[in-house]
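Colleague: Pasting the relevant annotations from Swiss-Prot:
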{"type": "BINDING", "residues": "L39, C40, R41, H103, R104, K119, K126, K127, E128", "note": "substrate binding site"}
Amino acid sequence: MAAPVTVRVQRDDFDIAAEVSALCRARTDIGAVVTFSGLCRDEAGALSALELEHYPGMAEAEIERICHEAVERFGLQAATAIHRFGRMEPGANIVLVATASPHRQAAFDGANFIMDFLKTSAPFWKKEHHADGSAGDWVSAKDADDAARDRWTRR
């Protein structure tokens, strides 16, 4: 049986507990579930919102490709990846990655792999909106994100 993969790109918030429940529903072969939730953060106290845009259709396809690669590479029994778009205030959910496997290490590795590639390969763009009402810049990609992704190619 192929491992189920759930991918959604949506404007609405998600319920982490409900997503984990759906991931594990009627499964007795799962011994470990790992979740990662990414939140909108305000590091300097000047952010009122973060605006996320994506390339519809292409973002979903790329995330699905990444999830299927993780399932194959780590022997996952299920994977879920949800990414939001639109305007979000600090503290709001942005992304959820959940992986299930018989053992914890595969679940951890799968979640890390999905997040590292999602962050660098899926077509999303972020724009900051400042508390003073001004629009900030589009957020640039970080070298650290590329390095995190590249570690998987050296294994």
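Glycine residues also receive a Cβ, built from the backbone N, Cα and C atoms like all the rest.
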Colleague: DSSP three-state call for K126 (substrate binding site): helix, strand or coil?
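Modeller: Going by the DSSP assignment, K126 (substrate binding site) falls within a strand, counted as strand.
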Colleague: For R41 (substrate binding site), which residues of its chain lie six or more apart in sequence with Cβ-Cβ distance below 8 Å?
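Modeller: Result: L47, P90.
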Colleague: For R41 (substrate binding site), name the DSSP secondary structure in the helix/strand/coil scheme.
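Modeller: Once the DSSP labels are grouped into three classes, R41 (substrate binding site) ends up as coil.
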Colleague: Of the residues named as substrate binders, L39, C40, R41, H103, R104, K119, K126, K127, E128, how far apart in Å are the Cα atoms of the most distant pair?
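Modeller: The two farthest binding residues have Cα atoms 39 Å apart.
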Colleague: By a simple count, how many Cβ atoms lie within 10 Å of the Cβ of L39 (substrate binding site), its own Cβ left out?
Modeller: 11
Colleague: Rank the binding-site residues R104, K126 by the number of other Cβ atoms within 10 Å of each Cβ and report the first-ranked residue.
Modeller: K126
Colleague: Around E128 (substrate binding site), how many other C-beta atoms are within 10 angstroms of its C-beta?
Modeller: 17
